[in-house]
Amino acid sequence: MLAIFGWGVGFYGPPVFLHAVVQRTGWSVALVSAAVTLHFLCGTLIVANLPRLYRRWGVPAVTLAGAIALALGVSGWARAAAPWQLYAAALFSGMGWVTLGAAAVNALISPWFVKRRPAALGMAYNGASVGGIVFSPLWVFLIAGYGFAQAAWWVGAAMVLVIAALARKVFAVTPQQLGQHPDGEPPDAPAQAAA
């Protein structure tokens, strides 16, 4: 679900948003494209610092904060009345989407898998493709039928609620807290090997 929302809203969404903003405001494609570029550039600043943010506040809190930032950013894209507001929204959406992107997926999968990590990551990253398959047409449908502002509110609210539930019930739990070990295998026992 994390990758579905991350890519569906934060990666595949901006090209759809570009068209919706140009249609709503009459601004040039170049002006709105600059916001898309800013969105992705801002994300690079956050993703480079995710390990530090995770150590300081924890993966669940950072992930939820990112989902909220992404929802606020997309809402800002839908409501911007001046270019500076669009660029401010792009900062929020860019900061938020990477907390639901590849680095976040890796941070959440890593404690659970060592030997089978590549397979687990491959499965988790399928969510990125599903996000594009589901959200690209969903954005187009919702924006055409209900307007960008309403679509942004619905998708943003659903995303925050789902990520909040996952952050509390799933992301906050480690294998050790459940008495388990990565890959579901028993821990290496040096004492047993020596005997």
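Here the Cβ of each residue, glycine as well, is placed from N, Cα and C on the backbone.
These features come from TrEMBL:
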type: TRANSMEM; residues: 30-50; note: transmembrane segment
type: TRANSMEM; residues: 57-78; note: transmembrane segment
type: TRANSMEM; residues: 84-109; note: transmembrane segment
type: TRANSMEM; residues: 121-145; note: transmembrane segment
type: TRANSMEM; residues: 151-171; note: transmembrane segment
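Sequence-remote contacts of a segment are chain residues at least 6 beyond its ends whose Cβ falls under 8 Å from one of its Cβ atoms, and for the transmembrane segment (84-109) they are 2-3, 5-7, 9-11, 14, 21, 27, 31-32, 34-36, 38-47, 50-51, 54, 59, 62-63, 65-77, 117, 120-121, 124-125, 127-128, 163, 171. Taking residue pairs at least 6 apart in sequence, the transmembrane segment (57-78) and the transmembrane segment (151-171) share three or more C-beta contacts under 8 angstroms. For the transmembrane segment (57-78), same-chain residues at least 6 beyond its ends with a Cβ under 8 Å from one of its own Cβ atoms are 2, 5, 9-10, 13, 17, 20-21, 35, 39, 46, 50, 85-86, 88-100, 104, 107-108, 147-149, 151-153, 155-157, 159-160, 163-164, 166-168, 171-172. Among residues of the same chain six or more beyond the transmembrane segment (121-145), those with a C-beta under 8 A of the stretch's C-beta atoms are 1-9, 11-13, 16-17, 20, 102, 105-106, 108-109, 113, 151, 154-155.
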